[in-house]
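Per TrEMBL, (6S)-NADPHX binding site is recorded for 57-61, 126-132, Asp155, Ala257, His371, Asp436. Residues or ranges marked as K(+) binding site by TrEMBL: Asn58, Asp122, Ser158. Feature annotation from TrEMBL assigns AMP binding site to Lys406, Gly407, Lys408, Phe409, Thr410, Gly435. Taken from TrEMBL, the feature domain 'YjeF N-terminal' applies to 9-212. TrEMBL lists 222-495 with the feature domain 'YjeF C-terminal'.
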Amino acid sequence: MKILNVQQIREADQFTIKNEPIASIDLMERASGQVVNWVCKHFSNEHEIIVLAGSGNNGGDGLAIARLLSNQNYSVKVVLIMGESGSDDFEQNLDRLKSLKKVEILNDFNFSNSNNDYIFIDAIFGSGLSRPIEGDIAKFVQKVNEAKGIKLAVDIPSGVFADEPSPGETIFKSDFTLSFQVPKLAFMMAENQQYVGQFEILNIGLSEEFINNCISDYSIYELTKELKLLLKVDSIAHKGIRGRATIIAGGHAKMGAVILAAKGTLHSGIGLLSVQVCPLCIDIIQNQIPEALILEDENDYVLGSFLGYNKQDVLVFGPAIGFANKTIKLLEEILKTFKGQLILDADAITILAKNREMLELLPEGTILTPHHGEFKRLVGNYSNNFEALMQLKSFCKHHKVVVVLKGKFTAVCNEKGQVSFNTTGNQGMAKGGSGDLLCGILAGIAPRVQNPFETAKLAVYLHGFSGDISLKEYGENYMTPSTMISNLKDTFKKVEN
Ligand SMILES: NC(=O)C1=CN([C@@H]2O[C@H](COP(=O)(O)OP(=O)(O)OC[C@H]3O[C@@H](n4cnc5c(N)ncnc54)[C@H](OP(=O)(O)O)[C@@H]3O)[C@@H](O)[C@H]2O)[C@@H](O)CC1
Ligand SMILES: Nc1ncnc2c1ncn2[C@@H]1O[C@H](COP(=O)(O)OP(=O)(O)O)[C@@H](O)[C@H]1O
Ligand SMILES: [K+]
C-alpha cells in the first residue's frame, strides 16, 4: 500500500473530481459515508457523538458525518470550533445540517459531564494543517484530550503534520484514526503513536490510475499471492535446494542468541543449518538443536576461526558475538570473501560502527538489522523518526545495502532508498531475543526468496505475525521469543494456505 504526501493526495483528489467526474461536495459525502459505516460497525447508537468541526474541508467532513450519523439514529452534537464561515463544502454542509434540525450546533462544550460512552470525533484540522495549534483552539483540544470518552480522528489527528515532524505542543490524542484512501507517513513514526492510536484506511474511491502513477519512496508491506508462492516447497524438493545457512553468533556462555536464531532458521524452512560454536558449547547445540551441523571454532571462549563458507547460501553474523579482536578479524575476512546472502545484526553492527573502514567492505545487498540504538552508532544521533528515515535512506543508497531498522513499524530500506514499513508485531516483542529470532527467519527464507529487499520485508512481516499470534495466545507479558518460535507454526500455515 503506497504512502502519499499531502500534495499528492490533493492532486489525487482533484484528478478524481475532474475525471470520474464527481463534484467535490459529493466526494466529501462519500468520504464521510465511509467514516459513518465504520462507526456504525464498531459502536452502537447508545453512544453520544460529539463532532468537533474546524472550518476547512476536514470540518466539512465532520458536519456531513454528524448529519449521516444522526440519520442512523445516533444522538449527535456538533461544536463549531472556528465559527460558521469556512470552505465552500464546509458551508454547504453546515446549511444541510441546519436544515436537518436534529443536531444541536454549539460554539463550545461543557466537558464535565462527558463519560466513557461519549465518542468525540475530531474534524478540526486535516491535511490542511499549516502551523501548530495555538491559543483558544489549543486550550479546547487539551480539554478534549483530558475528557473521558472514545476519541476518533477524521483523516489525521488535529495537530499532526502528515509529512514532517509535528512541532506543536497540543495535538488531538485519538484512539482511532480513520484516514482516507492512503496512509500518511506520520502514522509510521513511533512518536506519533500516542496521537494516531489504531489507524484504518477507508477507501473513498480516489482514482486508482492516478495513485498507481504517483511516485513514492514509501509504502506499507502487504503479503501477496506471489510472495506466498516463494515459500512453497516443491513436492520433489531435496534439502540442497531449500538452502544452506550458517549462523555465527554467541560465544561461550552466550548461546541463547544462537539457539533462538537457529530455531528461527529451521522453522522457516531451511534445508541445511550449520552453527559455528566454541568446543565447550557443542553439547548445548546438539541437545537443543539436533538438526544443526556443527562447525567447530578453534577458540574456547570467542568465535574467531574462518572456516570457509563457500557452500553456504546465507550467513548470519553478529548476535551476542562480542568484540574480541579475533571476532572482528573474522568479520573482516567474511566481508572480503563471502559471496552469498550476508545478514549482519547486533554486535556486528557495532563492530562496523567502531571500525568504519570496514563499512566500505560491505558486499552489495547485505542485510543489516539494527535497532535504533545500533543504527545511531552507524549514522550519528537523531531526534525523531523523520530524521532517522532520512539517515536510513542515505545510508542504504551510499552502501548499496538493505537495512531493517527495527522498532514499532520496522522500516526496511533498499539501495534505492525505497522504504517499506511493517505493521505486524506488537509491544510484547520488546524482549531480549526477539531480534535474534528475526535473524533466524531471515536466514530461513533468504535462499528461496533470492532478493535481499523482498527477503527482509517478508521476514519482518512473518516475525511480527508470529508475535501477534503469541500476543493473542499468551498476552503481552507472558509471551517470549520462544513462544513466537512455536507460533511460527500458525504463521507459516496461514501463509502456506
Ligand atoms: N484530499 C481528499 O482526497 C479529500 C479530503 N477531504 C478532507 O479535506 C481535508 C483537507 O481539507 P483542507 O485542505 O480544507 O484542510 P483542513 O485541515 O480542513 O483546514 C485547513 C484550514 O485550517 C486553517 N489552519 C491550518 N492550520 C491551522 C492552525 N494551526 N490554526 C488555525 N487554523 C489553521 C487553514 O488556514 P491557512 O493555513 O490557510 O491559514 C485552513 O483555513 C482532509 O484532511 C479531509 O478530511 C475529504 O473531504 C474528501 C477527500
Ligand atoms: N513495541 C513494539 N512493537 C512492535 N515490534 C516491536 C516492538 N518492540 C520491539 N519490537 C520488535 O522486536 C524486535 C526486537 O529486536 P532487538 O531490539 O534487536 O532485540 P534483541 O537484540 O534483544 O534480540 C524487533 O524486531 C522489533 O521490531
Ligand atoms: K482531524
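A Cβ is built for glycine as well, from the same backbone N, Cα and C atoms used for every other residue.
Keep in mind that what you see is a predicted model, and the values were worked out from it rather than measured.
Overlay of TrEMBL annotations on the structure.
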{"residue": "Gly59", "record": "(6S)-NADPHX binding site", "DSSP (3 states)": "helix"}
{"residue": "Asp122", "record": "K(+) binding site", "DSSP (3 states)": "strand"}
{"residue": "Ser127", "record": "(6S)-NADPHX binding site", "DSSP (3 states)": "coil"}
{"residue": "Asp155", "record": "(6S)-NADPHX binding site", "DSSP (3 states)": "coil"}
{"residue": "Lys408", "record": "AMP binding site", "DSSP (3 states)": "coil"}
{"residue": "Gly435", "record": "AMP binding site", "DSSP (3 states)": "helix"}
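Using a 10 angstroms CA-CA radius around Gly59 ((6S)-NADPHX binding site), the binding-site residues that qualify from Asp122, Ser158, Lys406 are Asp122.
The Cα of Asp61 ((6S)-NADPHX binding site) lies closest to that of Lys408, out of the binding-site residues Gly407, Lys408, Gly435. Listed binding-site residues: Asn58, Gly59, Asp122, Ser158. Those with a CB atom under 6 Å from ligand 3: Asn58, Asp122, Ser158. Between the C-alpha atoms of Arg131 ((6S)-NADPHX binding site) and Gly407 (AMP binding site), the distance comes to 29 Å.
Compute the center of the Cβ atoms of Lys406, Gly407, Lys408, Phe409, Thr410, Gly435, which mark the site for AMP; besides them, the chain residues with Cβ within 8 Å of that center are His371, Leu405, Ala411, Asn422, Gly425. Confidence for the domain 'YjeF N-terminal' (9-212), expressed as mean pLDDT, is 97.
Ligand 1 lies under 6 Å from the Cβ of the following binding-site residues, listed in sequence order from Asn57, Ser127, Leu129, Lys406, Lys408, Thr410: Asn57, Ser127, Leu129. For the binding-site residues Arg131, Lys406, the ranking by surrounding Cβ atoms (within 10 Å, all protein chains) places Lys406 first. For Lys408 (AMP binding site), the nearest of the binding-site residues Asn57, Asn58, Ser127, Asp155, His371 in terms of C-alpha separation is His371. Close to Ser158 (K(+) binding site) in the fold, though at least 6 residues off in sequence, lie Gly54, Asn58, Asp122, Ile124, Phe125, Gly126, Leu129, Ile133, Val141, Ile171, Phe172, each with a CB less than 8 Å from its CB. Summarising the AMP site geometry, the residues cited as binding it (Lys406, Gly407, Lys408, Phe409, Thr410, Gly435) extend over a maximum Cα to Cα distance of 14 Å. Taking every protein chain shown into account, Gly59, Gly407, Gly435 are the binding-site residues, and of these the Cβ with the most other Cβ atoms within 10 Å belongs to Gly59.
Of all the Cβ atoms in the protein chains shown, 22 others lie within 10 Å of the Cβ of Ser127 ((6S)-NADPHX binding site).
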